[in-house]
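Trainee: Here Swiss-Prot flags Asn121, Asn205, Asn219 as N-linked glycosylation site, drawing on sequence analysis. Look at Swiss-Prot and you will find 1-27 tagged as signal peptide.
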Amino acid sequence: MAINTSRTQILFITIISFLILAQNVNSAAFTVSNFDPYKTNIELEGNAFISDGSIHLTNVIPNSAGRASWGGPVRLWDADTGNLAGFTSVFSFEVAPAGPGLIGDGITFFIAPFNSHIPKNSSGGFLGLFNAETALNTYQNRIVAVEFDSFGGNSGGNPWDPAYPHVGIDVNSIASVTTAPWKTGSILTGFNAIAFVNYEPVEKNLSVVVRYPGGNFVNGTSNSVSFIIDLRTVLPEWVRIGFSGATGQLVELHKILSWTFKSSFQ
């Protein structure tokens, strides 16, 4: 009887271990409320750095670009079953002027192959994701991003952008597939924003909402945009998730203050 009990316990432990491992493989979840360069699992590229508990995606100088991404791969879909994961990414950020005058260029939340790295010459309107050779070449890229573009296609701006600051969804190109105006009065007053990026795998709906919860000028202000996309047609099974930012001739602050991410398969 003791032998059978022991075998039963071993079998039970084995099954539980397998289920825990399967859950870990098929889901991802983390929350970072204070970024520590020595403890946080964040990979920095380009000009990105961590200071005072926040990720700074760029230096406060012209033509700066940087990326910060989670240090491990995230499973976006299952190649054996074809099942898609749903996910929610919630992060607070600050885009603020570094001085008087116009500001630029913006930040993104991106999803790319895990072996992806920041391209050379990706400052300015390329937002740390593309360069002149890849920006509009949809066949060369494998990337989906949500951009928060503070400059837009103003006089002397980028020809692929609408003529106003905007929130956009990018698919393999810097030219967004859909955009909504970004009420950037909040940027000029220095308020922090909270962005909610959600992917619903059944409807294949990628949606974005950005809110400014504080301050008299922007209290309750929100912007939203969504796009139907099957992420399996664009991205590999395992991906890198993170943020990018860039300045061009104009300069602004680009800070990620906190980040919560959760993905799961149904």
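Any Cβ shown, glycine's included, is placed from N, Cα and C.
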Trainee: In the three-state scheme derived from DSSP, which category covers Asn121 (N-linked glycosylation site)?
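Mentor: DSSP call for Asn121 (N-linked glycosylation site): coil, neither helix nor strand.
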Trainee: Can you give me the Cα-Cα distance between Asn205 (N-linked glycosylation site) and Asn121 (N-linked glycosylation site) in Å, rounded to a whole number?
Mentor: 32
